[in-house]
Amino acid sequence: MPKSRIRKKADYTPPPSKQATSIKLTSRGWVAPVMLAMFVIGLAWIVVFYVTDGSLPIDSLGNWNIVVGFGFIAAGFGVSTQWK
């Protein structure tokens, strides 16, 4: 029975080195102030509603004032997704 040939192994060549590329993380200047303002406005809206027993900020909304306050807070979280 004939012997099979041994295949010559290819010489090891290391992969080319990757150069680190700097990523520009340019955050928009307006994002952080708007985000914090939305959080504070939402929190203040809810606190004022509870402290005044529902007569402020908008009396005709009634308990929907809580939804408005949480809406401001949710908008703050929405704006926070733009922060880099």
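For all residues, glycine too, the Cβ spot is worked out from N, Cα and C.
Feature annotation from Swiss-Prot assigns topological domain 'Cytoplasmic' to 1-30. Within the same chain, residues 82-84 sit at least 6 positions outside the topological domain 'Cytoplasmic' (1-30) and bring their C-beta atoms closer than 8 Å to a C-beta of that stretch.
Positions annotated as region 'Disordered' by Swiss-Prot: 1-20.
Here Swiss-Prot flags 31-51 (among others) as transmembrane segment, drawing on sequence analysis. A Cβ distance under 8 Å defines the sequence-distant neighbours of the transmembrane segment (31-51), meaning residues of its chain 6+ beyond its ends; these are 57, 65-66, 68-76, 79-80, 82-83.
The feature topological domain 'Extracellular' is assigned by Swiss-Prot to 52-60. Mean pLDDT for the topological domain 'Extracellular' (52-60) in this predicted model: 89.
Among the features that Swiss-Prot reports, transmembrane segment is placed at 61-81 (among others).
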Residue numbers, six or more beyond the limits of the transmembrane segment (61-81), whose CB comes under 8 Å of its CB atoms: 31, 34-39, 41-43, 45-46, 49, 54
Within-chain partners of the topological domain 'Extracellular' (52-60) [C-beta distance under 8 Å, separation at least 6 from its ends]: 45, 68
